[in-house]
Every structure is written in structure tokens, then in C-alpha cells.
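The annotation Mg(2+) binding site is assigned in Swiss-Prot to T87, D89, E102, Q121 on the grounds of sequence analysis. If you look up Swiss-Prot, you'll see K104 marked as site 'Transition state stabilizer', on the strength of sequence analysis.
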Amino acid sequence: MNYPNGKPYRKNSAIDGGKKTAAFSNIEYGGRGMSLEKDIEHSNAFYLKSDIAVIHKKPTPVQIVNVNYPKRSKAVINEAYFRTPSTTDYNGVYQGYYIDFEAKETKNKTSFPLNNIHDHQVEHMKNAYQQKGIVFLMIRFKTLDEVYLLPYSKFEIFWKRYKDNIKKSITVDEIRKNGYHIPYQYQPRLDYLKAVDKLILDESEDRV
């Protein structure tokens, strides 16, 4: 049997129960090849669909410089620039808790540099934490393929050290000791709320 274009029909072995296609045989449970932002996006979609949590990425603020109005009913933006975010990347609600966090990736194998965290972001994290929010930094070491949740209560110690010009980064060992490892799995790939559960339990004891 041929298709209308003359090409012969071939059975789909995956549908017929034969050899699996590459899409199913090469499933990877690690995070290689996918950005941290994409992993979080997939996890948040899973949480929302499963009625577990409502967490979203905040839109990057844009400063519009030049707008053209070819018609009264239309506006064309000719020039615009992304502005430096004034807060963190993500926020939402999980089991009655306000969640607020910043997500960062680094290719560095031994430490996480602090020069790409901004003062106003840390100030926002501090304010949210003081209101009993669950605030943290999510860090992925790309080369090591490891992801950690570093609570704000621990992060602020390293941030003060950085601002005092003592050390410009947080070592991997310091993050492993003070943070929570988030292992990759199947669904969702990055189930970071399991680490959040541990953080909530620990901080509920610390804040009593």
C-alpha cells in the first residue's frame, strides 16, 4: 500500500508493540540539556495541574523608549529595553505559605559567585522573609548537574560576608552543608517542593 505521494506505507513499530522509538528509549533523568528555568517551568505546570501549588515566574520589566502610532487603534513599539528586575524570579502560594525565590545557574564547579545577585533583590528577599515567607535561592551547578535550595536565613550570612569584602562566592561545600539537595527524577523532573517541605519544617522550629 502506498501513500498518495507514492511513498510506501511502513508500520509504526512503537504503536505495533515492536522496537521502541528513540523518544522513549533515551529518557534521561538528569538535568543535562535543559535550563534551570525550563525545569522550574515544567515543575510549576505540574504543581498547578495537580492542585499542589500556584507558583509563577514574574515577567521581566520592560522600559519602552519609542512608540509609533501608525493608526489610532494600533501602537508599534520601536525601541524597548529589559530593565533589571527589582525583585526575585518566582513567587506563589503553597499550602498556605507564601513562596518567593531567585533561581541561578553557574558553570563554576567549586563555588557560586555572588556578583550576579543585586542588592534590591536581597532587600526584597529580606522583607518577604521578615513577613514569614518561605524565601530561598535555587542554585544549579551546570557542570556538576546538581541543584540546591539555599534558604534565605543561610544565604544572608554569605551575603554579609560578600558585602564586607571577605569572600565573593559561596563554595559548593558550603551550599551542600547549608542547603537542601534537589535530585532529578521523572515527574516532575525537579520536585523542589520536597525540599521546601523540609525547609518549612526546619524554619517552623527555628522561628518559634
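Just so it is clear, glycine is given a Cβ too, placed from its N, Cα and C backbone atoms.
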Can you tell me how many other Cβ atoms are located within 10 Å of the Cβ belonging to T87 (Mg(2+) binding site)?
18
Neighbourhood of E102 (Mg(2+) binding site) by C-beta distance under 8 A, where only residues 6 or more apart in the same chain count:
T88, D89, Y90, I117, Q121, M125, L137, M138
Tell me the Cα distance separating K104 (site 'Transition state stabilizer') from T87 (Mg(2+) binding site), rounded to the nearest angstrom.
14
Which of the three DSSP states, helix, strand or coil, fits E102 (Mg(2+) binding site)?
strand
